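Participant: Structure below; questions to follow.
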């Protein structure tokens, strides 16, 4: 016999049980299937029990309702339903008189007299819908009055009875049978026959002639139409009152007059005065274009311009004031039609006016400022040994090295055939190399603000004759902290070329040479307050051109939003997209940190595609090599930070994936603007988490604006997408939770 357990044994046993419970238990496939089957059986059993309980509850409720109904009928009508069935609805039992007995007449076939009705309501006959129905539940059939009545009533009809109603009584209290008219009225009402006394109903025919229900011989409107109707028809040239056509009236002319009566009176007067026609603006020569045609033209291309004295936009290249040499270069490059920003910005630039251009990303802004700039330089004396040391004629500033080099490539396509030299000054390259490139001078310099400020500050480069300044992506330069550098560079230029408020851009001198005032052009995708402050300081009476709605994504991008939580799920979803979406490379994946880019590029390689990274940790040579490999098709996927999100033009990008949502909606717009360029369509997929609540509201608005995009239901229902969440609100919420 075992002795009592000691405390040590009990503690050891408890410890062993805890360890066994803490260890994971690995189940085989058969055990997992068995557990799943048992769980499913229990769920089915519980569902059946719930349904049985609901059915029993419903049956009890129906039974109680039936009992309550019977009790209510008994209290209301004063009868008691026997076990064999219910009494008649009108209060008559099975053994008494039925519905027809209450009418006071007998069977039509045997001619017997009516019997005296019995029951609690024998003194008055019921009328209304209940008197037309019988629910005797198995009583006597409808065959007249019941036989064997205690007494017979007189069958003589009452004279003068004209309306159906209950049987009248004599002075002695005997019931008087209804008259024949009353019987006919009851029979017609019971059978649902129409009566002649019904109110006429108004209906309309197809020929717009009003037709009533009365007889045609009662129509007095057609009796004599030879007098007043003829006068009315003659007084109304647009048409006759009752249809038809007057002699000598042309139907086509009548319709023309009627449509003209519905036209806009202001437009009709303008058409008569100016002899406008209805031809589309594309079918008219340039000299026949009216102000209305130009207004329609601007609406077609979503062009809005203000500033006074705005020239007409370009319809095509050959109708512009661009020199023939530049037009030949445009044709050689392959620009068939101007983009909307080019249509309006180039005519303004050809007037040498200061310009503010606000347009979407990928809208062709580079050519919009390069073409007027080359025309401006063409009026200045060529560079030689006497003036090349004074610096360039034109300066183009961009926020990033990649964008500056891209602008340099595009500018060279126009400038080299004209004999102009372009030099880029960007960070990441040695100053000596760039100084050597400037030894022979250059008409055009493309630079980033940081490196250009250093070279100007060290007197390596001077701006003594710079007269044409372009700031591309000005909002991005301000965001990157280059506002102070921009002010320093612009202030270092000579004030002698600053345009007075009442001057024109170019003034011819006595010698016949052009002495140009400085022209400043600013292009941006958005207009934050810092950019507006910069424009007010350095631009003189600028013309402002807005294409579409500033700061919106392009209409050719399909935006998709997916809620994906955790890096592992993002990894699996990224690999699935790259393998199954079926879009050709190049593809760009945007991240927020450099280390994330190095991690994501490995996932791209796991998906079977070649990838490369682009961020600030790469040298200038590595960045250029990465972009060139992507353009040449050697690399399929580029993983980049927001460094490449502005202005980088990689042709034919079909897909943009936001591995992480940007912290502002402006950056998101510029990211997805890498695809859907040059009239092509693209797809942008964004991985969203609950931590992105600060931008969910703006993101929902952007997706709703896009006609190509479909709203994610989870995003539409999210609380942060319905109400804007600020950083201060999140901070207060975190303090309350702590």
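Placed from the backbone N, Cα and C atoms, the Cβ positions cover glycine too.
Since this is a predicted model, take the numbers as computed values, not measurements.
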Participant: Given the ranges 460-463, 464-467, 468-471, 472-475, which one is assigned the annotation motif 'DEAD box' in Swiss-Prot?
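Facilitator: It is 472-475 that Swiss-Prot annotates as motif 'DEAD box'.
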Participant: Which one of these stretches, 199-227, 286-314, 315-343, 344-372, shows up in Swiss-Prot as motif 'Q motif'?
Facilitator: 315-343
Participant: Taking 679-708, 709-738 as the choices, which stretch does Swiss-Prot tie to region 'Disordered'?
Facilitator: 709-738
Participant: Would you mind splitting the compositional bias 'Basic and acidic residues' (10-76) into helix, strand and coil residue counts from DSSP?
Facilitator: 61 helix, 0 strand, 6 coil
Participant: Where DSSP helix means H, G or I and strand means E or B, what are the helix, strand and coil counts for the motif 'Q motif' (315-343)?
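Facilitator: In the motif 'Q motif' (315-343), the DSSP-based counts are 17 helix, 0 strand, 12 coil.
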Participant: Which whole number is the mean pLDDT over the domain 'Helicase C-terminal' (556-719)?
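Facilitator: Summing pLDDT over the domain 'Helicase C-terminal' (556-719) and dividing by its length gives 87.
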